Ligand SMILES: Nc1nc2c(ncn2[C@@H]2O[C@H](COP(=O)(O)OP(=O)(O)OP(=O)(O)O)[C@@H](O)[C@H]2O)c(=O)[nH]1
Ligand SMILES: C[S@@+](CC[C@H](N)C(=O)[O-])C[C@H]1O[C@@H](n2cnc3c(N)ncnc32)[C@H](O)[C@@H]1O
Ligand code: SF4
Ligand code: SF4
């Protein structure tokens, strides 16, 4: 590889230092806000190999990426994904990468937690919307709560810091979120709550599910003392500490409070497509330049051209008049 490449700065002056990589579009769950039950996934032949994904990631790291998150679909269902983690961990050892992490539904963590820790992963985000086993099955359609809880136990036992991600869903978990937070904080885990975003056709009606987090915060403030803090992970959450529990709670509010002005990230899919914004359709194909030559010059140029097209922000809308997703692809294509 040719070093050094110029770092990536977009036309709005935002430095791109965070790469999210969706290693598969497949998943062992079918969360109702994320997917339709009857999903069609990519044929296996369209997937980049793990070696190709690793090469792409390495070029991004050479171009200034400091935080890399593997996601999906469910990243831990991709065959041999641990080999990719192992390869990427070299960049942690060299100091080029500050953080290698994952967002996972937790179903496979019992199997992989130790290996992840051995390869330098320090922190994981586990998505969990309810602690009620039957509601968990209702929301994930195919998931089993006990497996996820065992996975969280395994991750903590391996020394990994776990953050719980919960999508706030009106009429589903809004009443339970304070208890979920108490539980997470009681186990030494931070939690973030997320506003549902209008991505991909799902079977449910998003207008019914959508809960503005300003409402949740007002409700929480009747029971808890929330203190805003400047804590930052590089992700979009704005954090408070909760005096009564001693834990941190993050609010991810793409709908009610746009955080695009401080955006630092782009997304790579398992087919080598680069999405410059989660909330827009525009994308750049990196597979062709990846395969066109053994050197990385073409790839680097294609990335620069794509970063030059990174938009200012999303145009998400959820309301009764606009009963269509703002973006046609599902969240699982880019991994959130
Ligand atoms: N609109 C929007 N949502 C995002 C963006 N990045 C992450 N999210 C959403 O935030 C939620 C949590 O994302 P995570 O995978 O936990 O990543 P993160 O928030 O960067 O994680 P931390 O490193 O722990 O801060 C998911 O639902 C994502 O879709 C973004 O750039 N734009
Ligand atoms: C697409 S999943 C991929 C990783 C993994 N399967 C998981 O569930 O953690 C990443 C994150 O996106 C969130 N998510 C999925 N669909 C969403 C939507 N429509 N709006 C907001 N967040 C969503 C999930 O709850 C999860 O925290
Ligand atoms: S949110 Fe994650 S676990 Fe749920 S269906 Fe989407 S990709 Fe799978
Ligand atoms: S919606 Fe787009 S511009 Fe806004 S923070 Fe997410 S990726 Fe960045």
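Placement of Cβ uses the backbone N, Cα and C atoms for every residue, glycine included.
A TrEMBL annotation is a machine prediction, not a hand-curated record.
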Candidate from 20, 206, 217 that TrEMBL assigns to the same GTP site as 69, 103, 163, 265, 266, 267:
20
In angstrom units, rounded to an integer, how far apart are the Cα atoms of residue 267 (GTP binding site) and residue 277 ([4Fe-4S] cluster 2 binding site)?
7
Just the number: how many Å between the Cα atoms of residue 127 (S-adenosyl-L-methionine binding site) and residue 103 (GTP binding site)?
7
List the binding-site residues 27, 34, 103, 197, 267 whose Cβ sits under 6 Å from any atom of ligand 3, in sequence order.
27, 34
Extra residues within 8 Å (Cβ to Cβ centroid of 260, 263, 277), [4Fe-4S] cluster 2:
14, 259, 265, 278, 279, 310, 311, 312, 313, 314
Closest of 69, 73, 103, 263, 266 to residue 27 ([4Fe-4S] cluster 1 binding site), Cα positions, binding-site residues only:
73
Please report the distance from the Cα of residue 103 (GTP binding site) to the Cα of residue 31 ([4Fe-4S] cluster 1 binding site), rounded to the nearest angstrom.
15
